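Here the structure comes first, spelled out in structure tokens, and everything after it is commentary.
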Amino acid sequence: MVCCAEEGDAENVMVHPVRSTDSTSSQRMEEILSQLNALAARVEMLERRAEGEPVSMLGGMKEVETIKGMDLNIQPISSMAPMKTQGSTEFETDTSVASDITSQRSPQRRTLTQDLSRAGTSLSEVGRGRSSQLLYESFWDATVVLGMGDLGMATTFLVTIGIMVSVCAQSLFCWVVFAAFLSPDAKYDPAFLTDWRLLVGHGVKGYDANSGSSLISRACRGKPFDREWWADALLNEIDDYLTPLLSDMMTVGFVLSSMAVAIWLAYIAKELQRVGCLMANVARIPRGASFISNEASGGRNSSFHRSASASSLDTLSSGNTRLVRTFRTITLRRTSVLLFVFTIRATLAVLLGFCGALWLCRTRDIENIIQNGVSLVFVLEIDELFFELFAPRHASRFITSIARVETQARKPWVENAFSVLQFAAFFVVVALFVIEEVYENNLSAQRVRDTMCKGNQDFIIESHATVGPIFLTDTIPFVDGNLDNKMLPGMKPLLREVAENYNPAEAKDWMWRTTMEGRGEVAVKHTPTVNDFNAWLSMDQFQVADHSTYGFGNWFGNTCFDQGRDFWEGDWLWSTAMALTGATDCPSAEAFCGRKEFPLVRMLCPQTCRCTSADSGQFLSNGCRLGCRDEASFMNSSCHDIRVNEPERKEAWDYYWSLFYSNNKGHWQEDHELMVFAKNGSMGDCEIITREAWMINEFCFHFHNAWVARRPLTAFCPETCGCLQEERPVFVKEAEQQVENVEAALVKVAEAELPFLKGIEVLPLSEASIAIAECEKAAKHVQEALEKAKSFVSAKVMEVQRFAEAAAKPCLERLNGLVERNNAAATKLTEFRKDTESHKRTSQMQEAEEMLNAAEAEIEKTREAGAPLSAEDLSSITQEIGTEICEKIAALEKGASKKVSDALNFLAERRKDVRGTPQEKELEQFQARLGKIKASLAEAKKTASQQEQRFVSRKLQAEGLELVNEVEREVKKVEVAAEPLLASSSFLVRGNLHRLSGLVQDHISKGSSKDSVFQQACGERERVTLEGFQAFVTWILEQSGEDSRDVFLEQEVEAMFTHLDSDKSGDLTEKKFQDIFLDQFACVQPVSMTESFSISEGKSVLKLDLGVAVEALSRPQYDEQQKLTRLHCRLLEDSTKEGWVTMKGNQGKVFLDRLSPHSAHQKSLDRMMSASTKVVNKASSFLSARRKELNDCSNGPLLEAKVKMEEFKVKASSLQRKLDEIKKKVAEAAKEYEKCEAQQKRARSDARDKRLLDAMTKAIEQELHTLKAEEKRIAEVVAPLTNGADLEVLDAPVSILKDGKEMAEKLKEQSAAARKSIQQHEVPQGVAAGTATSMRQVISTSLSEVDTVIKTVNALVKAVNSSAVKVAEAIQRRVQLALRQEVQRRDIRIEVIFDEISNGGHTASRSDLSRCLNNLPDLKLTTEQISLMLDRIIGDNSEDGVISRWNFLRRFQQFYECQKTIALTHDLAITNSKPIRMLNAEEAIEVLEGPRGDEKSGIERIRGRAVRDSTIGWVSVSGNQGSVFLKERPKPFVHCLVDLPLEKSFRSSGEAPVRSLKTNEVLEILEGPRQDSRDAVMRVRCKVFTDQLEGWVTLNSAGEMQAQTGQQRFWKCKTGVAVTDGPNIKLCKVLRKMEVGELIRLLEGPEVDKESGVTRIKALCLKDGLEGWVTTLGNAGTLYAEEKSDIYSVSCDELPLQKAYGDLSSGTIRMLRKDEAFEVLEGPKEFRPEPVERMKGRALADGAVGWVTATTKRLKRWYPNYICKQNTVLQTTVSIGPTAGLVRRVEEGELLEVLDGPKEDSEAGVLRVKVKTRKDQAVGWITLKGNQGTLFLIQWSRRDEEQLKQKQKSLQEGLGAAKEKE
């Protein structure tokens, strides 16, 4: 048995155990395993020691000595001798082990292998401290090794496709889920379900007669919905989902959805964890070339790069030895790609997790929850499925052998903490989905169930579809759709209210009555049974109108007079009418009498709606009872047509036509003559309905259609409508006309049958066919007329039946007679059709016989056509004749077959027609005859086939032989043409001669000649020598403007001369010299070759096609007459063909293009090869096709042709191979030529490149020398500022600084010019890569030197500026000291000095400040020294420059910050000095005197003023032991983070502030911060009456009440009352009406008006400030306004209304004025403010001084430095207006120093500061923050600047190190 440890072993070990009797013992196996691990570790140490590695030998051979009980023969695998077995190498093993151990199926074997694997892993992990988790078998994990040589291109391509498929599949799934499954479900819409329950659930259509229950009762008690329109049983689904487990909310659906979501998110978390681990492992791999170590059984066997052989590795891992591979290094590009792919993978996982969780949360079907969860897991693991299906096995083995990166295992507490965080995040996400989605889904399901099933379910309710009244009835509770309810407008709300209020106990006597708010009394018909219910509802609008009684006397009503609510059904019907129209009686309903949609109005009000009179003018008939026509008013109507001069009938006539127009508008066209007649006032009489025949039918009878039910005009037009005629009413005429049309058609039928009635039994087929077609056409015409007449007469009969009996009887008699005539015509038509069918069958038999005769004749023609091919000798038959005969035979065969097939189909179709007729026997005879014809056709086809084969065989052999011979000729031709190219040693020289020829011909074309050129080459000799030829080449190149050294090398010129000197004479004659002009050309446009120079006289030789190559026989000549350039040449393909060809046409068109000799010959040969290849392919295709066609021929004439085709194919293949060999040789020769030609070009290019490089280098060096000299001169000028001398003694620093900068700027300009000049030295095109690199290196080096010069100068300028800054700072320190001395001497503050300079203003001019400094007695400075300092602190070097107060104080006041707590004392001396107080850490102190040293202790001390409380005293700067107590700091400033009030006093009392500080405003700290401990106050939340604002106010402050009740008297309006201008209620004028709840303040009164007895007051309306008199108490006791005693009024001047309860100093909404009233909403509450830090400061914007509360959220330390966050502009003035000039643009990241501000631009509403840019010292105003919130500047402290400098320094050092490394 061979055993190899899995991971961690040092070497592959072969173990040969001796036979053991205890092989089945698992205990023995474990003992062997432990011994093996110890031995493996020992072997690894020995191997390392042998390799020279320092290893510890502790443990020695103890491990070896512990192996007992088995004789083990152990040796490294590498030392074992291989044994060859059937071509494979195997290691020799002991085969004497028991079969149960070596068997793969043995459990002992598996246990041992697994134990060994675990042992190897354990050894690896313990020895190396790493995780051994492997990659998973998926396309995603396979990307780690994507593109490596071990996988192969196919596997790489497959993995890429797999990833793309996985991404597409998962993305598509997410899109489908979002689009299809997460959209709102209509069946859960509450509004839809409410309507469904009302209109369908309680509808009559859903009533079940078997159970006696409503649909909603059945649905809610167990029976499913109607499946015709419901997709699923909704309630069953919801009931299953809402099945309770522990409580009503803890349902089955809730628990199952929550579990599914948790499990699914666990899968996603696992996927993300895998991705994260993989990304972390890849990120830890060191960078370098992708390198993988290869370990067999965990040892250090080998390593390989990407190019390592996968086959060798697979060989190693194919046996029992397992390979473990580990990434040692990986490229940055691969790392980036992998991280990108893993990011996509993680994104997809998150997207899948989100959409999948939503899908599971919103699923309400229990089964679908489980199915959806399974589907999601399948989609998540789709890449692993595809990998398992399609990935090659070697790829799978390779991927799974990749071990994780060796990393140190994390500590247990880290692992535990990470696990806890993972669980917490997972729990939070799951909880969010459960709370936000699953819980909401559960509530939605409950709402649906309540909507469907809550309340009374056991009744049905319906409204009449056309009339409108509502009916309802009770149903039986169930013990197991159509939503389109055609309900009249306005009935649905009434129906809903009735359904909601219905109580079965209140119904009696067929009625349920109730009273509803807004509707009054409402009645509903209550039927005792459902049958009664349906009977009422089944009546249409006409039946309802004439309904008299039903059941037990219940009725709609049948009177012909108006009805009110007082009759039995009155409240029922009028409730409906009121819902429809809003009318409550007949007069109010009259407006609806003429509207077709309200027949109920005409039923209730027949008199008002004119239904009781025939000539009343009522147009509509629906709703008007027909019973009313028997009344006297109906029977006594006029019996003559209306006349124009009858005014008593005109009103009714006009009313009829007005209703006609209004009810037909939209259905009839507006321009119709009847609509025009009605619209224009119906000016006319009954003549209007006689203009067209259809009008009488429309207007003389009752007419009902979809949109209107019309009454007839018979009452107005009885004469026109024929009501007075007894015999032939007008409408009977049309019926008679219809019947007469039928009889006329029967006459035409008889005429069509005449050909068959002449006595000829069998007509000719053509005549019979025509006659039968005519008969069928005539019968069809009669049938149509019959149907039309029948329907018309029936309609008329029904209409007449509606007339009175006396008027209808004569008409009915006439119509019945017409019916009998129509029936007789139908009988005649039936008989005629039977005769026609008989004639048709006879004709068909005749047609069948003719078809059989035609088929027999066609077969005979086929036999005759094939007769010529049946002869023995076919030599007399040419190929054309034979082909013609074969084609003729085929056409005849096809025709005969078709005729036989047609006859067969025809007889088959006729079999059904003649069954049971005399023609049946005749048809059988025809079928027998047809069988014989088919046999004859088959025999004819067989004979023709044999004849064709003989002819085809001979034809194929002849064609094959001809093709093979043609191929042989073409190949021979190509072989001859290829010989020059195969021996192409002279083509290089000829190519050079070709280039030289072109140059010479260009020279000749400029006016020279051949003779002069030859004379130039000869010189003074008669022939051209080698030296003369070389001089000639140089001369001709100079003439063309080129350097001869760039075109031809010396050896190339010698080779050309040798080639021209064919006889080796050493010189060239004129004839030899002319060989230069023998050029080759290619045809670029088709052109003809002629015999002579002249086109008109010459005869065409041939036409040159594209690509044809020719060789010139002389120079081109110009034809002056034709304006053409012509060339005498010959074909390269066939030198026997020569002539003249046009090179260039008279329109400039080019026909020939020059070619090199090699290209010309190559093109010629290519054309020949292409033609030959076509011939070969043609022959090969022909022979292959024929062989395929003859493949199945085993006998007959075609067998001989088959054998010949085989022979021809062999010969053609041989010729094809020969042609391929020629092509191959030519291709190799062409490559060799190209190689030599490239070498020549490279040699010429190298020589040219060297000359160009030398010239460039010389020009650049001259420019660099000038720059370096100027650099040296600048360094000498600025040396006084940069040599480190005492800068304070410099008297003229400004002059040195100015001169140095001017020279530096001039040098920069020179450097820029030099850089531009150097950059213009571009690398010429065409130079070699090496030369180009050298040129670029020269340019790059030169540019670097220029940059070095610029950097050096910039460094000098920077050093000069730095020195100038140091000088200015030193001068500033001297000025500070002088000013302090002046302040001390005069015992004033430094602010007084600034006021003297500025004359009390906020700014001081530069000149005044300079004058003041010059006047200081203790300060001796030169003008330039003062100017340098002022330039730095003011930023403006002009005399107009100014300095602000705070800038002056910031520059010349000195401050320290306390670092440690120290005493502030009275005296300079520390000894016996009594401390004033302790100075705390971080407290600021202003220097007033000093620093001075204590004489005894030597400690340096200063006298200063503590900013916190203005205490003055002495304090030590540092101790005698080196302790630092004070550290210098800038003057303290703060800026506002929010808007703040600047208050007057230290204690915040709520009084009006000095002003409000805006955000980003800056305060100069004058005092503080100090703690303010405030007393408790009373606060209330209130609403102000004037503007209804709400907020908090303080009632008391400092013991004084700021607002209280009782100061003013207020009244509140209870009832609307007027405000008047005077007290007298009779004489006053109303100003406006007071609203209820409005508050007024008493001014005068109350007073009682003695006359009226009302109480009135004079008051002020708090709402709008209106003053007037108001009545508070009426004379009848009505209280219009009552006094309110709980109203507060403001007693101080101003009281702040604030936003929050605990905010006393900010958040003010507005200030309440004195006497302003408010109402308390909450409180009073005692509020004890927490102590706050207060600070006194001066606003830099306007100098305002006040106190603010200091917190970290309100104020922040301010530094006069900003950095630009967003690009903006620097302007000249503080105002942004059009007068502001532009200084320059400020880019993002620029550093700025503040000189003045911030100040507010009142017009723009923004804060602006005056700054000086660090970049170029530009000065101007800039905006801090835009009015739209855009932030332009942010704070920038010195600490930030130091950090930035440190980062830049580190970056520069890193870049420098990288460059050195490169």
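Don't overthink the numbers, they just go from 1 along the chain as shown.
Glycine is no exception: its Cβ is also placed from the backbone N, Cα and C atoms.
Here is what TrEMBL records for this protein:
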type	residues	note
COILED	838-865	coiled coil
COILED	923-950	coiled coil
COILED	1198-1273	coiled coil
DOMAIN	1048-1083	domain 'EF-hand'
REGION	86-118	region 'Disordered'
TRANSMEM	157-182	transmembrane segment
TRANSMEM	249-269	transmembrane segment
TRANSMEM	337-360	transmembrane segment
TRANSMEM	372-392	transmembrane segment
TRANSMEM	413-435	transmembrane segment
Long-range neighbours of the transmembrane segment (157-182), counting only residues six or more past its ends (CB under 8 A): 139-140, 142-143, 146, 151, 341, 344, 348, 351-352, 355-356, 358-359, 362, 379-380, 382-383, 386-387, 390-392, 395
Folded-back contacts onto the coiled coil (923-950), same chain, C-beta under 8 angstroms, at least six residues removed: 845, 848-849, 852, 855-856, 859, 862-863, 865-866, 869-870, 874, 886, 889, 893, 896-897, 900, 903-904, 907, 910-911, 914, 1196-1198
Overall pLDDT of the coiled coil (923-950), taken as the mean: 72
Remote residues contacting the transmembrane segment (372-392) - C-beta distance under 8 A, at least 6 residues beyond either end: 136-140, 142, 154-155, 158-159, 162-163, 165-166, 169-170, 173, 260, 263-264, 267-268, 271, 349, 352, 356, 359-360, 363
Residues from the same chain, set at least six apart from the ends of the transmembrane segment (337-360), whose C-beta lies under 8 A from its own: 140, 143-144, 163, 167, 170-171, 173-174, 177-178, 181-182, 257, 260-261, 264-265, 268, 271-272, 275-276, 278-279, 282-283, 369, 372-373, 376, 379-380, 433, 437
For the domain 'EF-hand' (1048-1083), residues assigned helix / strand / coil by DSSP: 19 helix, 5 strand, 12 coil
